[in-house]
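The structure under discussion appears below in the form of structure tokens.
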Amino acid sequence: MMRRCDLPARDLRLLDPLFVYPSTILGRERAIVVNLEQIRCIITADEVLLLNSLDNYVLRYVVELQQRLKASAVGEVWNQDSNELIRRRNNVFQNSSPDYLPFEFRALEIALEAACTFLDAQASELEIEAYPLLDELTSKISTLNLERVRRLKSRLVALTRRVQKVRDEIEQLMDDDGDMAEMYLTEKKKRMEGSLNGGDHHSLLGYRSNDGLSLSAPVSPVSSPPDSSRRLEKSLSIARSRHDSARSSESATENIEELEMLLEAYFVVIDSTLNKLTSLKEYIDDTEDFINIQLDNVRNQLIQFELLLTTATFVVAIFGVVAGIFGMNFEIDFFEKPGAFKWVLTITGVCGLLVFLAFLWFYKRRRLMPL
């Protein structure tokens, strides 16, 4: 696989289904490495190499790619759930993707469409589940509802991270003309074939590329050993390949509008999905703020009630002190009067009530509690 597609081992590791790697789109000399959600494939100028081809999601990708290649139109929908996404994309550019796109761009578009549709469907499902739950939480704060919101927020953060990664990957490609130029595999293949076909009648003498590399064979090929000739032919082939690749990159850099339009379309789609998730995150934050305000209000009410109880306890303690004083075994003439005990209770109760009212007036003046 590495020799066939001219890929380093680190690119193939990105496609390993046993590991979780972030979404990545890499343009190489002879292939495009795509890792978008469940779609992990290698796109060349005339074929798509898929990993985990028995997965249902990958099978849908294969069926859609076959249908579009047969119909020669890339404006088809991914499935019924993606109709709205494709309509939004077409409304932006007033037209669907052109039929003359090369094979690698058609395969890349279907992969982008599949990833965007999958992420948007998950975002919509999360919205449907989140908004009623958040509304219920604002009306009834319970441990069960709080736990459900916590799990929902964890899913939201994970999904937002995946959507953000796809968006950043598309934006990074759009900002780098060189990377987009590297993805014109069909054009580079045609230039390579034309160069090889046209180079059969060229002599090995005096070949010089545009970047200043000059290679020349010995004047007398008989005098050079066979190994030296093979090394020279190999060096010449490598130089010619670099020369053709440089010419292809320069030409593709001047004409990358097709790929840029394609990426912009799905950038709008994935950005819309990210905006939905951002709005949901803000709604969750607003709900958390509202719940915190409610909890603060309840906490303040409890503190006010505790303050009233403390004040009442203080007044009762004063009453108990007076009663304790008169309960002492002292010889006082006042105890011998028949109505003395009633007057003591009455005066003590009135004094305690006045002290309690004085505390309430102080609390109201200091705005410690609404009275």
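Numbering starts at 1 and runs along the chain as displayed.
Placement of Cβ uses the backbone N, Cα and C atoms for every residue, glycine included.
Copied over from TrEMBL:
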COILED    149-176  coiled coil
COMPBIAS  216-227  compositional bias 'Low complexity'
REGION    216-252  region 'Disordered'
TRANSMEM  307-328  transmembrane segment
TRANSMEM  340-363  transmembrane segment
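Predicted-model confidence for the coiled coil (149-176) is 94, expressed as mean pLDDT. If you look at the transmembrane segment (307-328), the same-chain residues 6 or more away from its ends with a CB under 8 A from one of its CBs are 335, 341, 344, 348-349, 351-353, 355-356, 359-360, 363, 368-369.
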